[in-house]
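Student: One structure, pasted below without further comment.
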Amino acid sequence: MFNKILVVCVGNICRSPSGEYILKKLLPNKIIASAGVGALVGKAADNMACQVAEEHDLSLDGHVAQQLTSELCRDFDLILVMEKGHIDAVANIAPEVRGKTMLFGQWIGQQDIPDPYRQSREAFDHAYRLINEAAQAWAKKL
């Protein structure tokens with residue numbers, strides 16, 4: 001049913017790469033990618049995001065940030081966003097995909113996953129915990 005999953009945040013260097021790589025580990029038979037509504041195009045994953053991921057046996061090496069486009073949206077079966085406000089941001093880029101856009105934190109109380117960019121290590125740890133919990137919940141549904 002949902003074989004191609006796109007994970008979306010703002011810059012595509014902190015939350016969505018973590019979500020993408022966790023889901024890839026949990027769902028190896030699915031095609032999973034990530035993008036940003038205001039991506040820092042061409043950038044690698046944030047150093048702190050990489051550090052936190054590595055402490056959980058997950059490497060974000062090789063990630064390159066990409067901008068969300070309507071073409072990219074149409075190519076995926078399910079689009080998972082980190083914050084409720086991103087649903088509108090995605091719909092502004094590609095109105096036709098509104099029906100397949102959902103919250104990454106849907107199954108953990110419809111929580112937003114706060115952006116840790118340029119914040120403390122604790123903010124990155126907190127975001128990673130939420131992303132991991134949400135990814136585990138999605139893996140059971142998909």
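Each Cβ is built from the backbone N, Cα and C atoms, and glycine gets one as well.
So TrEMBL lists the following for this protein:
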DOMAIN    3-141  domain 'Phosphotyrosine protein phosphatase I'
ACT_SITE  Cys9  active site, nucleophile
ACT_SITE  Arg15  active site
ACT_SITE  Asp115  active site, proton donor
Student: How does the domain 'Phosphotyrosine protein phosphatase I' (3-141) divide up by DSSP, counting helix, then strand, then coil residues?
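Tutor: Summed by class, the stretch gives 62 helix, 20 strand, 57 coil.
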Student: Tell me the Cα distance separating Cys9 (active site, nucleophile) from Arg15 (active site), rounded to the nearest angstrom.
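Tutor: With distance taken Cα to Cα, Cys9 (active site, nucleophile) is 6 Å from Arg15 (active site).
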Student: Can you name the residues of this chain that are 6 or more positions from Cys9 (active site, nucleophile) yet have a C-beta less than 8 Å from its C-beta?
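Tutor: Within the chain, Cys9 (active site, nucleophile) has Cβ neighbours under 8 Å at Arg15, Ser16, Gly19, Ser34, Gly36, Val37, Val81, Met82, Glu83, His86, Asp115.
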Student: How many other Cβ atoms are found within 10 Å of the Cβ atom of Arg15 (active site), counting all protein chains shown?
Tutor: 31
Student: Averaged over the domain 'Phosphotyrosine protein phosphatase I' (3-141), what pLDDT does the prediction give?
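Tutor: The predicted confidence over the domain 'Phosphotyrosine protein phosphatase I' (3-141), as a mean pLDDT, is 98.
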